[in-house]
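Participant: First, the structure itself, so that you have it in front of you.
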Amino acid sequence: MPWLNMTIFIPFLFALLVPFIYKKFTPKIHTGWFVLVVPILIFIYLLTYIPAISNGKFIHSSLPWIPSYGINFTTYIDGLSLIFGLLITGIGTLVVLYSIFYLSKHREALNNFYVYLLLFMGAMLGLVFSDNVLVLYVFWELTSISSLLLIAYWYEREKSRYGAQKSMLITIFGGLAMLAGFIMLSIITDTYSIREMFTKVDSIVSHSLFLPAMLLVLLGAFTKSAQFPFSIWLPDAMEAPTPISAYLHSATMVKAGIYLVARMTPIFGGTAEWFWIVSGIGLITLLYGSVNAVRQTDLKALLAYSTISQLGLIMSLLGIGSAAMYFGIGDESEVYTVAILAAIFHLINHSTFKGCLFMVVGIIDHETGTRDIRKLGGLMNLMPVSFTLTIIGTFAMAGLPPFNGFLSKEMFLTAVLNVSQMSVFNMESLGSLFPIVAWIASIFTFVYSMILVFKTFRGKYRPERLEKKVHEAPIGMLLPPIVLASLVIGIFFFPNILSNYLLKPAVASILPSLAMGGEIYVKKISAWHGWNTELYMTIGIVVFGTLLYIYLRKWIRIYLFYPQSMTLNNMYNSGMEKSEDLFQSITNRYMTGSIRDYLVYIFAFIIFIIGGALWLLDGISFDHSQDASISVYEGGIVISMVISAVAVLLSNSRLTSIVAVGALGLLVSFLFVLFRAPDLALTQLVVETVTTALFLLCFYHLPQLRKEISKVRFKATNAIISIGVGVVVTIFALSVNGTKLFDSISSFYENSYELAGAQNIVNAILVDFRGIDTMLEILVLAIAGIGVYTLIKLRLSGGDENEGTK
Amino acid sequence: MIDNMETLMSILVGILFAIGTYLLLTKTLLRIILGTSIIGHGVNLLIITMGGLKTGGPPFLGRKETNFTDSLPQALLLTAVVINFATTALFLVLSYRAYKEMGTDDTEQLRGMGDE
């Protein structure tokens, strides 16, 4: 197996080992130390690809999985997937390290934790490196499942289970939509390989399935990346342990949707629909997330809404950047290439500072026992390292220098300013909205960033509200956020190293049609680019944000006017409840438990389907030219049969009914005589006698109550249905009789003497020509006999007691 | 004589089906079984009617006639009659046991427990 494919499987294989390690070494050594090796090794291995990738090469290797369907496990590394791979393993390493100090080896079920975590890591690696859409889907769902397991890690808490269920319902709904989109794409292009789809873009855009496929794929991306209005699962996923929130719900899994949008840009990009949906939803999410983050009182909820908002920002940048594909190679597209660059850049930046912030919040939670902003305050002197880390993280999030968030936020503003000048896709009228929305959202981002840092660390220290005596966290717990925070600063000062080695090839792989010879023109990222509009906008953000923060008390009440019933969560909850009630009541209405009702459905079905088919397909024909003549005997027997059948129906006593059914059977055997069927007549006679005897046996054992008198009560619906069935059967029989397509094959059996040595043709058919029927019929009789014997003889000891208690 | 035997039989089968259906829709177990029995007769008659009636002599070789009634539906019916008998017998004994255990033959009262 090639090493490249192997890297994806290593986490899965190691996950198999974790329970044994846990059993053997706990409580001496924390299981996390063993797990730590996996992401480190993969991270280092992936680092070795950077030189090749930055030179514009692509590396792929393929393993056959279901070759007959063209489904291969193809691993493909380009700039985009390499960035994701490095994020997954790099932050994975730090998260595992952090979790070693965060989770107690005595109190927590660490084996579960690390198995789920490795499962997730492998799934995520598979997702970003897969070239085959169906393989990608498999890993996509694996991330949903492992995320479910991780959110519900403390499964004894009700809120965890609620959050896990919610996230699973939403992401799997999107995942299934995405699968449908992928299948449509493969129908259009006749391939499952994403790279091969790139070569067939022209046929995709003109195909009638283009728009449905695009919408379905986007549904998958938006649900996974918590875009509006599917963002509601992310705040509830905060019930997971903090290392998981940091890893899955800020740095990696929620970016799977971003990855998908970026990956699919070469296929769908350059069209007005893609541009508007992706950038529009992104901007709405950006605004929604940042406005809602301000009113949160729980630190993790604040970070969750902030993540939603930042994901919206990246998404909108990807949408804006897709316009570059419309313009093709040239100066005009370079303006939009900046947006793609900004998206990837901010993606990395966000992973660093958001991961850092989550870890710090976890530390605060760990050391104080609460994450409630209203209880916290004045921790600055007690937790100086955490305070510094928070400052770095939040200022990067707010987009202030000298942190990496500043650079990507400036590029974001450049992108929205550029796009407002665009003259295609109806942007003339609506283009000016883009910078306005972006600017307002940035102000709110600034406000909640300040809330996060100052409400937690400044103000009065109130130890009486806290459960624990506050002190700084151990160094092992602080190390991962310190690494991330130093990256935050490092990227600010040396952005072009990152840009040259990672961002450029990523941009080239998102916009392959614009990359010539694997190279794409990308401007140098610089912290200082003169007095331009972006800088004035940033200054405006700081000024207005500061004012809003200072007067927070005065206007925070506005949120109280927000109607509670209009929140997305309420709609989701009541939607779930109502649909459950609705389907329950529908099911209760038709699943009544009464045999009669079910029989009514079946008979109605017979009437409507068979009768309807006869009617619609012109099947009704009537031809009696071939009919035999009616003799007096037959006429008399038929009339007696009708009389005895009606007698069964109308009789008050069961005894009369039984006798009448017996008479009916005898009359049938008389008919068989007249129809030249001696064997049948004989059998019918015997069988009818035995059956009547059985009926009488049953009758004898009836309960004493109401033994004699029980007239069939007349019911109009029953009568209509029965007449309907009778009419349909009659019409059916007449039509069959009127349509003779070919002669019977029975003339063959007239050779029975030559072929089987029998003069009785019917018996020859039964035991010679079609002997298997007879054998199985004997089996039926035997089974029925055994069944009867068992029913009468077998009494399970517990059964009767149960009957008594019921 | 009127040459309408098959038509007459089709109508008879329809009547038997209608009466059998009506009995199936009643509440008493015994009547339901009687209904299945009547529908069984209807089906048997339908099969033999569809093979064409009285087109020749009984299907025995070595007689003077050279023209026989269709023998295949008769063989099919013979199988059907026996299977019908077997299932009816099982069904009857089952309902007999149900009477013994539950003390009722009303299907509305045989609806299982409330916690289902």
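Keep in mind that glycine also has a Cβ here, set from the backbone N, Cα and C atoms.
Those TrEMBL annotations? Automatic predictions, nothing curated.
As annotated in TrEMBL:
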type     : residues  : note
TRANSMEM : A:34-53   : transmembrane segment
DOMAIN   : A:65-114  : domain 'NADH-Ubiquinone oxidoreductase (complex I) chain 5 N-terminal'
TRANSMEM : A:113-129 : transmembrane segment
DOMAIN   : A:130-432 : domain 'NADH:quinone oxidoreductase/Mrp antiporter transmembrane'
TRANSMEM : A:244-262 : transmembrane segment
TRANSMEM : A:274-291 : transmembrane segment
TRANSMEM : A:303-329 : transmembrane segment
TRANSMEM : A:335-364 : transmembrane segment
TRANSMEM : A:432-454 : transmembrane segment
TRANSMEM : A:535-552 : transmembrane segment
TRANSMEM : A:598-617 : transmembrane segment
DOMAIN   : A:640-704 : domain 'MrpA C-terminal/MbhD'
TRANSMEM : A:657-675 : transmembrane segment
TRANSMEM : A:714-734 : transmembrane segment
DOMAIN   : A:717-793 : domain 'MrpA C-terminal/MbhE'
TRANSMEM : A:774-792 : transmembrane segment
Participant: Over the domain 'MrpA C-terminal/MbhE' (A:717-793), work out the mean pLDDT and round it to an integer.
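Facilitator: Across the residues of the domain 'MrpA C-terminal/MbhE' (A:717-793) the model's pLDDT averages 88 on the 0 to 100 scale.
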Participant: Excluding the flanking five residues on each side, which residues at least 6 beyond the ends of the transmembrane segment (A:598-617) place their CB within less than 8 Å of a CB in that stretch?
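Facilitator: Beyond its ends, the transmembrane segment (A:598-617) has Cβ neighbours at 590, 717, 721-722, 724-725, 727-728, 731-732, 735.
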Participant: Could you put numbers on the helix, strand and coil content of the domain 'MrpA C-terminal/MbhE' (A:717-793), residue by residue per DSSP?
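Facilitator: In the domain 'MrpA C-terminal/MbhE' (A:717-793), the DSSP-based counts are 65 helix, 1 strand, 11 coil.
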Participant: Three or more CB pairs closer than 8 Å, sequence separation of 6 or more: does that hold for the transmembrane segment (A:244-262) against the transmembrane segment (A:657-675)?
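Facilitator: Not in contact, no.
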Participant: Please indicate, using numbers and ranges, the residues of the same chain that are 6 or more beyond the transmembrane segment (A:535-552) and have a C-beta under 8 Å from a C-beta there.
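Facilitator: Contacts with the transmembrane segment (A:535-552): 398-400, 406, 409-410, 413, 435, 439, 442-443, 446-447, 450-451, 454, 529.
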Participant: With Cβ-Cβ distances below 8 Å as the criterion, list the same-chain residues six or more beyond the ends of the transmembrane segment (A:657-675) that contact it, or say none.
Facilitator: 631, 633-634, 637-638, 640-641, 644-645, 647-648, 651, 681-682, 684-685, 687-689, 691-692, 695-696, 699
Participant: If you run through the domain 'MrpA C-terminal/MbhD' (A:640-704) with DSSP, how many residues end up as helix, strand and coil?
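Facilitator: The domain 'MrpA C-terminal/MbhD' (A:640-704) comes out at 55 helix, 0 strand, 10 coil.
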